[in-house]
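Straight from Swiss-Prot, the features:
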ACT_SITE  Glu140  active site, proton donor
BINDING   Glu70, Trp71, Gly97, Gly98, Trp99, Asn100, Tyr141, Met210, Thr211, Tyr212, Asp213, Trp360  chitin binding site
COMPBIAS  410-421  compositional bias 'Gly residues'
DISULFID  Cys26-Cys51  disulfide bond
DISULFID  Cys49-Cys394  disulfide bond
DISULFID  Cys307-Cys372  disulfide bond
DISULFID  Cys457-Cys470  disulfide bond
DOMAIN    22-390  domain 'GH18'
DOMAIN    424-473  domain 'Chitin-binding type-2'
REGION    394-421  region 'Disordered'
SIGNAL    1-21  signal peptide
Amino acid sequence: MAKLLLVTGLALLLNAQLGSAYNLICYFTNWAQYRPGLGSFKPDDINPCLCTHLIYAFAGMQNNEITTIEWNDVTLYKAFNDLKNRNSKLKTLLAIGGWNFGTAPFTTMVSTSQNRQTFITSVIKFLRQYGFDGLDLDWEYPGSRGSPPQDKHLFTVLVKEMREAFEQEAIESNRPRLMVTAAVAGGISNIQAGYEIPELSKYLDFIHVMTYDLHGSWEGYTGENSPLYKYPTETGSNAYLNVDYVMNYWKNNGAPAEKLIVGFPEYGHTFILRNPSDNGIGAPTSGDGPAGPYTRQAGFWAYYEICTFLRSGATEVWDASQEVPYAYKANEWLGYDNIKSFSVKAQWLKQNNFGGAMIWAIDLDDFTGSFCDQGKFPLTSTLNKALGISTEGCTAPDVPSEPVTTPPGSGSGGGSSGGSSGGSGFCADKADGLYPVADDRNAFWQCINGITYQQHCQAGLVFDTSCNCCNWP
């Protein structure tokens, strides 16, 4: 018994020294910079103390070699990897692929040993050149969407060869080994067509399971984006469309629980109801809900856009069977996640001994704290606390952007922030939040810690005080 207590004590001590047993892996998207006004997000807006790993999405591929995609990726890479100067424990990875990237470049690249070698060599050079700690393979999906059946095995071959090359390079360079991870499917048919789970799991450091987009307007009826459990009336393959089933499918088919990372969406899916009075789960729909003013994509709202909808008079419902909320207003219906559902899922994750949480994406959280009245990064912070991620020795940013110098009534046009502190003093005695600008309906004041920032709505929109949001006039 004394031995057992000693071993337990050592384990607890070791865990205290190493930090949390769980990982919090946060994606950043390089197109978030193009969102208007308060939605614009760059690496400098990331709080480096929240996540254990940050993943930059996405890189591309040309002639079987990894490449940049955006005109300013190299500049953003530096800002992204400089976050490690403020958190010495932070690891950064670069993701390649994504849904819009398709499958063809991956299929060509894995098809021959020479092509794979070309790719792996380019990846090592690229990651070391720009200061990343690993590569995240986001092939959606091997063996599906035009990818031939043999790609299931060739994906395993690629990952095995990459892991071996990374190990060899670490020895030769006397540097820590580069990590190799993958974002993988949550749909059972895509999993079966795409992954040799036991073999693949040997070589991947983490397996990021995309346990979201499980329902959407493509089905013709309402459904939750990322339900923890099935809805009671779901049968057949529909009963597989939940986080619990998907994660256990990966585990039961040969992936170690500690390598499996549960996907958490910081966004929701919107629908148009055919009949506004039929507004529960499974209600008939006629298509995507309207695009949000910042993310500008039909059927999709960032968490901060969701808060605007909720504050505009939507009815919120907690779906106890699936442990997630939904909301509706007139003919608009929303399936989403909130602080409560993130907390419930985090406890479930720990009870099942999974390796941690992955979020898509940190730029979709209420990163300014202006929309939800829950502080900055409320969803990501919920997971950080629930998983016991240590922030010791980490320096968080003070404010998300520079204060504005324009005094009220000067009618400044253009961007969403700029200049230095001083100027208006509008926020000196105001609570944190958003306020209208007296003579400019397109503009609004953002108050943070008594400091004044002037922001602008997207062209054509006006600041609406009924929802504290940018809206159509």
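Note: Cβ is positioned from N, Cα and C throughout, glycine not excepted.
Annotated features, which come from Swiss-Prot, shown on the structure.
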residue: Cys49; record: disulfide bond; DSSP (3 states): coil
residue: Glu70; record: chitin binding site; DSSP (3 states): coil
residue: Trp99; record: chitin binding site; DSSP (3 states): coil
residue: Glu140; record: active site, proton donor; DSSP (3 states): coil
residue: Thr211; record: chitin binding site; DSSP (3 states): coil
residue: Cys307; record: disulfide bond; DSSP (3 states): helix
residue: Cys394; record: disulfide bond; DSSP (3 states): coil
residue: Cys470; record: disulfide bond; DSSP (3 states): strand
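Closest in space to the residue listed as 'active site, proton donor', of the recorded positions given as Cys49, Glu70, Asp213, is Asp213, taking the CA atom of each residue. When the Cα of Gly97 (chitin binding site) is compared against those of the disulfide-bonded residues Cys26, Cys51, Cys394, Cys457, the shortest separation belongs to Cys26. Counting other Cβ atoms within 10 Å of each Cβ, the lowest count among the recorded positions Glu70, Glu140, Asp213 belongs to Glu70. Max Cα-Cα distance over the annotated chitin binders (Glu70, Trp71, Gly97, Gly98, Trp99, Asn100, Tyr141, Met210, Thr211, Tyr212, Asp213, Trp360) is 31 Å. A simple way to gauge crowding: the CB of Cys307 (disulfide bond) has 22 other CB atoms within 10 angstroms, across all the protein chains here. Neighbour list (Cys372 (disulfide bond), Cβ cut-off 8 Å, at least 6 residues apart, same chain): Tyr303, Tyr304, Cys307, Asp366, Pro378. When the recorded positions Cys26, Cys49, Tyr141, Cys394 are ranked by how far their Cα is from the Cα of Cys470 (disulfide bond), Cys26 comes first.
Ranked by Cα separation from Thr211 (chitin binding site), the disulfide-bonded residues Cys26, Cys51, Cys394, Cys457 are led by Cys26. The C-beta environment of Tyr141 (chitin binding site), restricted to residues of the same chain at least 6 apart in sequence and closer than 8 Å, consists of Thr103, Ser147, Val184, Ala185, Asn190, Ala193, Gly194. When the alpha carbons of Cys51 (disulfide bond) and Asp213 (chitin binding site) are compared, the span between them is 23 angstrom.
Sequence-distant contacts of Cys49 (disulfide bond), defined as residues of its own chain at least six apart whose C-beta falls under 8 angstroms from its C-beta, comprise Arg86, Asn87, Asn384, Thr391, Cys394, Thr395, Ala396.
Cys26 (disulfide bond) carries a strand DSSP state (E or B).
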